[in-house]
Amino acid sequence: MAQGLIEVERKFIPGPGTEERLLELGGTLEHQVTFRDSYFDTPELSLMRADHWLRQRESSGWEFKCPGAAGVSGLHTEYVELTAEPAIVAKLCEVLGAEVLGAGGVAAVLSPLGLQEIASFVTKRSAWKLVLSRADKEELLLRVDLDTADFGYAVGEVEVMVHQEAEVPAAVEKINKLSSMLGVLAQEVAPAKLIVYLQRFRPQDYQRLLEVHSSRENPQGTKDADSSLD
């Protein structure tokens, strides 16, 4: 598979004091932005049921999230993010068992691959960044996104991006430490915006995912299930 960054993240339900706590910890508010995300799949949810997530973000382009290393446990999730359209098209064909298509972009292969819009909603996001102080190790930048979707659901996400699988354990340690500092309960589970959207507006599709992912405690599908997807 084409190389992509590894996204390690954990979702949580933000409280009224979350932003104040981020400031106390030395966090910086990078920006506030509003955007629309649209998610695509086959009518049978062939991608989502296989834990793959295709999204088009307004003014940002396409992203395809693929599951990370097998055997990942705990409340965090790990996905490889593909953003280059040729890599996305190649991976889509692989996952869907289709012949490799031509050199067109993602939009050009939606119809030939039987993909259609499954969900679309607007998110207001406050994006924060911070580094937890440690003198003995190279620091990892942590990002915290506080999102509110236009259908009324609010969710937070602590995220670290790494390049190699060997970096994942350190990322998980940092994520758990920051989550604890933000007052997130050790076993708190927060579904992604997409999953809540499906639960509310496409309950049959939500049930399909629930059946597939029932053995996973906090799948992206039950992630930002973002899915973040974020």
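Our numbering is plain: 1 for the first residue shown, then up by one each step along the chain.
Just so it is clear, glycine is given a Cβ too, placed from its N, Cα and C backbone atoms.
Keep in mind it's a predicted model, so treat the numbers as computed, not measured.
Residues or ranges marked as domain 'CYTH' by TrEMBL: 5-201.
As annotated by TrEMBL, Mg(2+) binding site applies to GLU7, GLU9, ASP145, GLU157, GLU159. GLU7 (Mg(2+) binding site) is surrounded by 23 other CB atoms, counting those within 10 A of its CB over all protein chains shown.
Contacts of ARG57 (substrate binding site) defined by a Cβ separation under 8 A and a same-chain sequence distance of 6+ are given as PHE35, ARG36, ASP37, GLU63, in order along the sequence. The substrate binding site feature in TrEMBL is assigned to LYS11, ARG55, ARG57, LYS65, ARG125, GLU157, LYS193.
On the 0 to 100 pLDDT scale, the model's mean across the domain 'CYTH' (5-201) is 90. Ranked by CA distance from LYS65 (substrate binding site), the binding-site residues GLU7, GLU9, GLU159 have GLU7 at the top as the closest. Each of the binding-site residues LYS11, ARG55, LYS65, ARG125, LYS193 was scored by how many other Cβ atoms lie within 10 Å of its Cβ, and the smallest score goes to ARG125. Note: the CA-CA distance between GLU157 (Mg(2+) binding site) and LYS11 (substrate binding site) rounds to 4 Å.
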